[in-house]
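This report refers to the structure that appears directly beneath it.
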């Protein structure tokens, strides 16, 4: 080893954890967490083929997707199934981030539409809008992706820093 160099042994898991934390900070735009806090994290994955089968049932589409979501997905041509699958996993990721599942509220209470730049934007209504306000959620970060066979989503609920149940 050359003089002046310090060698550290870093376990791969530690390095991945550091890189992931840095990626989340960059992705959320939070350089200094200060008063911000991650209130929930959710992820989901689905086979696009399963969504193609479900899309054949009008009752399923009406129960799960808003009219705006359906208009967007139906306009995607050959990517229609992938668009529906991405919105499905996006909704599931949001529910997991809240930690509620569908015990209350419906999937129609979580709407995923593109913003002006085409990035997914989450609009909440009903039960989930009330829950977000109660928990102090100020922003919902959502990432959607799909490939030939799978669609995946990751959601981060960002809110104000507050004391947890342990008084920290």
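Don't overthink the numbers, they just go from 1 along the chain as shown.
Glycine is no exception: its Cβ is also placed from the backbone N, Cα and C atoms.
Note that TrEMBL annotation is computational and uncurated.
As annotated by TrEMBL, domain '4'-phosphopantetheinyl transferase' applies to 40-155. For the domain '4'-phosphopantetheinyl transferase' (40-155), the DSSP counts in helix, strand and coil order read 57 helix, 34 strand, 25 coil.
The feature Mg(2+) binding site is assigned by TrEMBL to 44, 92. Sequence-distant contacts of residue 92 (Mg(2+) binding site), defined as residues of its own chain at least six apart whose C-beta falls under 8 angstroms from its C-beta, comprise 42, 44, 46, 153.
Other Cβ atoms within 10 Å of the Cβ of residue 44 (Mg(2+) binding site), summed over all protein chains shown, number 18.
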